[in-house]
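*Asks:* Structure in structure tokens, see below.
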Amino acid sequence: MTHKVKNVEIITLSNEWALLNRINFDFQFKNKEWRTVSREVYNRSDAACVLLYNSEKRTVILTAQFRMPAYLNTKNEGTSIEVCAGLIDGNEKPLECVLRETEEEVGYRLPTAIKIMEVYMSPGAITEKMHLFVAEYTPEMKINSGGGLEGENEEIAVLEMPFTEALQLLKDNSIRDAKTVILLQYVQLQNLI
Ligand SMILES: Nc1nc2c(ncn2[C@@H]2O[C@H](COP(=O)(O)OP(=O)(O)O[C@H]3O[C@H](CO)[C@@H](O)[C@H](O)[C@@H]3O)[C@@H](O)[C@H]2O)c(=O)[nH]1
Ligand SMILES: [Mg+2]
């Protein structure tokens with residue numbers, strides 16, 4: 001289905017760490033009538049994430065960190081369990097981003113990772129597209145203890161756990177980050193572990 005859009009007007013509401021715009025545009029509805037619509041849109045670069053798994057040990061590597069938006073929503077949900085993820089820098093390719101973030105956040109140097117899909121995280125509000133990857137890791141790939149970039153005020157706990165424990169965290173809804181839910185279910189559905 002194609003939609004007809006014209007006269008797109010962009011009004012910047014905030015341009016600090018990321019860009020928040022109000023977009024006014026004319027939109028043609030099903031009955032052919034054109035009407036002016038207004039939407040606020042938060043702009044960030046695209047992002048990439050990876051679920052690390054070891055099929056021999058039957059383990060996965062996840063992270064835990066404080067997320068203010070989740071805390072604002074529900075106080076005791078501020079600590080978020082997530083796959084390793086980050087925003088794509090400049091001209092970086094999604095795979096390069098995933099390999100860099102894996103070193104920074106969990107301390108593993110991966111030879112490569114496999115792309116699974118691309119999803120919008122919140123298409124009604126944020127332009128960000130997320131590139132999802134999986135990758136097999138082994139203990140020999142560990143090069144540092146991870147934890148994120150202190151200069152960026154990141155404090156990331158590295159959680160290596162049996163896959164069965166991660167599935168239990170899914171089941172009891174202790175994992176509430178959508179990309180992490182998708183990737184854990186993908187690994188389970190494809191019997192990668
Ligand atoms: N100065 C400043 N820094 C910020 C701000 N917001 C975030 N940061 C910092 O910018 C860095 C971004 O880290 P990345 O690892 O690149 O991204 P991420 O925060 O992990 O984002 C990913 O995970 C999020 C949570 O699931 C996702 O929301 C996001 O889409 C992405 O996938 C972090 O150090 C974070 O503290 C801000 O408003 N100001
Ligand atoms: Mg991150």
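A Cβ is built for glycine as well, from the same backbone N, Cα and C atoms used for every other residue.
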*Asks:* Could you look at ALA85, ALA113, ALA166 and say which one TrEMBL places alongside GLU101, GLU105, GLU154 in the Mg(2+) site?
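*Replies:* That Mg(2+) site, as TrEMBL gives it, pairs GLU101, GLU105, GLU154 with ALA85.
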*Asks:* Taking GLU101, GLU105, GLU154 as the binding-site residues to compare, which has the smallest set of other Cβ atoms within 10 Å?
*Replies:* GLU154
*Asks:* Write out, in the order they occur in the sequence, the residues of the chain not among ALA85, GLU101, GLU105, GLU154 that have a C-beta within 8 Å of the mean position of the C-beta atoms of the recorded Mg(2+) site.
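*Replies:* So the additional residues around the site are THR63, CYS84, GLY86, GLU104, VAL106, GLY148, ILE156.
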*Asks:* DSSP says what for the domain 'Nudix hydrolase' (43-183): how many helix, strand, coil residues?
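*Replies:* Taking each residue of the domain 'Nudix hydrolase' (43-183) in turn, the totals are 43 helix, 49 strand, 49 coil.
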*Asks:* Across the whole of the domain 'Nudix hydrolase' (43-183), what does the mean pLDDT come to? Round it, please.
*Replies:* 96
